[in-house]
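Peer 1: Not my notes, these are from TrEMBL:
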- H408: active site (ACT_SITE)
- D446: active site (ACT_SITE)
- E455: active site (ACT_SITE)
- 739-751: compositional bias 'Polar residues' (COMPBIAS)
- 495-650: domain 'CBM3' (DOMAIN)
- 662-755: domain 'Fibronectin type-III' (DOMAIN)
- 739-765: region 'Disordered' (REGION)
- 1-25: signal peptide (SIGNAL)
Amino acid sequence: MSRRRSILAFAIAMVLVLSSLCVPVAVGNKAKAAPSFNYGEALQKSIYFYMQQRTGDLPDNNPVIWRADSCLKDGADVGKDLSGGYLDAGDNVKFGLPMASTAATLGWGLYEYEDAFASSGQLDEALEAIRWATDYFIKCHTAPNEFYYQVGSGSSDHAWWGPVEIVEDVMQRPSYKITTSSPGSCVAGATSAALAIASIVFEDSDPSYASTCLTHAKQLFDFGWATQSDAGYTAANGFYDSWSGFWDELSAAAAWLYIKTGDETYLTKAETAANNWGDEGQTGYWGYKWTHSWDDMHYMAQMLLAEITGKQIYIDSVERNLDFWMPGGGITYTPGGLAWLDQWGSLRYAANASLLAFIWSDSPIGTASKKAGYRQFAEKQINYILGSNPRNGSYIIGFGNNSPKNPHHRTAHGSWANSLSEPPETRHTLYGALVGGPNASDSWTDSRGDYVSNEVACDYNAALVGCLAKMYSSYGGAPLSDFPQAYLTQDKAQDKYAEYYANARVTSEQTNFTEISVDLTNHSAWPARSLDRMSYKYFFDITEIVNAGHSASEITVAKNYSEVPVTVSGPTKWSGNIYYITVDYSGSKIFPGGQSESARETQVRIGVPTGVPWDPSNDWSHKGLTNTASKSDYIPVYNAGVLLGGQEPGGTPPSDTTPPAVPTGLTATAVSSNSISLDWADNTDSDLAGYKVYRSTVSGFTPGSANFVKQVTTSAYTDTGLTADTTYYYKVTAVDTSGNESQPSAQASAKTQQGGGTTPPGEYTEISLPFTHDGAGEYYWKTNKLSTDPNDWSHYINSWNLDLLEINGKDYTNVWVAQHQIAPSSDGYWYIHCKGSFSYSHVEIK
């Protein structure tokens, strides 16, 4: 018995007993026919689509190799962490209403067809897809009557074409919220519905998380019900206006809360909201000539209420809508058989209607004679999407025959030029994405610029996932065992566009000098990266100079032009008579966000005095250079001293024996009775690897292994596990990538605060694992039991709705982190400082 059947069985049984309806017996399992398509693969890829839409702090084992962390500063404008969630479509905005509908619809499909997800091996993936959204919703629900429903400006975002990993280098991302004085019942209700469904589908695998989702679902529903207004839902105007109002979302949320809790109050409110649904013109019937969508949840709600109550008014309304979608019912049909509702996302609406038809055809209530027709309709629509159409092509990217290749999607395109047309090809395959679809004549073109036909969006895939689970349960199919790794490896190998290179030309050349122009180029897409420590080296051979009795000391290097600040150094010996100059762009960002932003020019002249021979023909980096700019494979490019592209000459370069500069500006400040915070100035050496921290209780100490504390990569550190009321002395050194260590910094000292009291700040209570805490207050805990296995991703720390979660002095507030990613303090303990302001402030260590 499925989850939905077990939950609703009692209610439906009561309906059967108390009503005189002639309810047909549920249709039995029919004999399985040979599948037209591999529905297991289609299901697998349709869920995987959501991994490609993630934003925020991505897990280290994220399989999408062309995606990286993005938009980590979301919410900074309001002092909140609003990172995470899903990018709406091919843009980079997080719109709350369609994201909530997406999560709710994914959850509904899982609720109905959980067995199919489990047997296909996609249950965990489906739960992850839902949780990525609900984790974000919980972050955004910053108080019972406060919810951030959007991050990013639609108009600003749509004016720029580039990958999401770069967007924070290009624009601000404002945060928008609803409150009691500026309400948005539609988005509060939709998010409540999504969280209520999550509280059901997670109740077996993670009951604690399910409970958290339920708490937020209840509060958001109460918020939306109390305000009953969308006056504050304005930031999405022109993009996701709530045309249907808010009663549809409130009714759906209340119905799901009733299913979860059995509280009759929610059922009463669901039916009260239903009485306010809009009519279909002058018919006197609730709207029936559309389908479930990001804006209209009443189609979901009426189906739930039909099953919960058995009332004929809901049953009739469900079937009136489904009958409209049947051949001859009023919906437009294309010549190829697609039930075509609207030009925007025509396939999305067909999939949404199909999910309703599948669910109703499986329900034990309703008109028995219509069930087979509803099921047949849904199967035909899904098969049309998969390839049974006039073009004999799939509309799911990366699946089946002749699938789309050019979705209207910024990050998948991989442009570096803020241009929809450059490069011409799409660099990434957006696996599993359902495109908008054909027009009413089955006509469709695979064009990135056609944002009607080739738009992709989170809500486009949501119902499709549930439909494919149903098709899998009926006809089977095998998910791919080597997906996505083998596919992504092949895709990257086939990307013909170099990511990092020197675009170079000779600007002038005489018998005693060569002048070159280099555009240091960052066209990264695997993933896109914004770099601020790039450099290039130009190699040349001075054999003719040496043979004439001269030396490298006579060579002059001059910077004639630079688009951004750079430092030119050299010549530096490489091997034998081969030398190089370094042009270092450190401090200047180069990123794939525009023509100039992605390629920064310098012009450099290398020369000798008159009479000294100069022959560039034997120079390594001069190979292939003309007066027309082109990509050079012989001018290697770097970031922070690490080779990114191009080739270095043969020969063994001399080992680096020069230590980095001594750290300066070291300060020490007592934070508590057992911790001291250190801070010092950044070291700007291009090959810096990090810093070593040393501590002693004796002033004037010499740094060494006996007093070494830790090596860190940033110019700040909090030393924990110290003794109260004790003075500690610190010195810091810098270390480069060759292992050279600088002389120690000047000494700094601080005295830890005094202890005292039963549990003063900084005095930590030892905890046992696993550990979970909910509630308001400030707490200090410690443990020496965290996992340190670098391959262990099953043990983690997670939190939400906290004001602060510091572990060994580092901020982990409201983020998921594997335990092994947090280093212990010098005494082997992890010291945890937790602050929360709400009853639903939560931290878990598992």
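Note that Cβ sites are derived from N, Cα and C of the backbone, with glycine treated the same way.
All TrEMBL annotations are machine predictions without curation.
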Peer 1: Looking at the active-site residues D446, E455, which one has the fewest other Cβ atoms within 10 Å of its own Cβ?
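Peer 2: Lowest Cβ count within 10 Å among the active-site residues (D446, E455) is D446.
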Peer 1: Near the compositional bias 'Polar residues' (739-751), which same-chain residues lie under 8 Å Cβ to Cβ, leaving out any that are not at least 6 residues past its ends?
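Peer 2: That would be 656-664, 666-670, 676, 678, 680, 689, 692, 694, 699-700, 703, 725-733.
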Peer 1: Counting across all protein chains present, how many other Cβ atoms fall within 10 Å of the Cβ of H408 (active site)?
Peer 2: 24
Peer 1: Fill in the CA-CA distance, D446 (active site) to H408 (active site), as an integer in Å.
Peer 2: 10
Peer 1: Could you give the Cα-Cα distance between H408 (active site) and E455 (active site), in whole Å?
Peer 2: 5
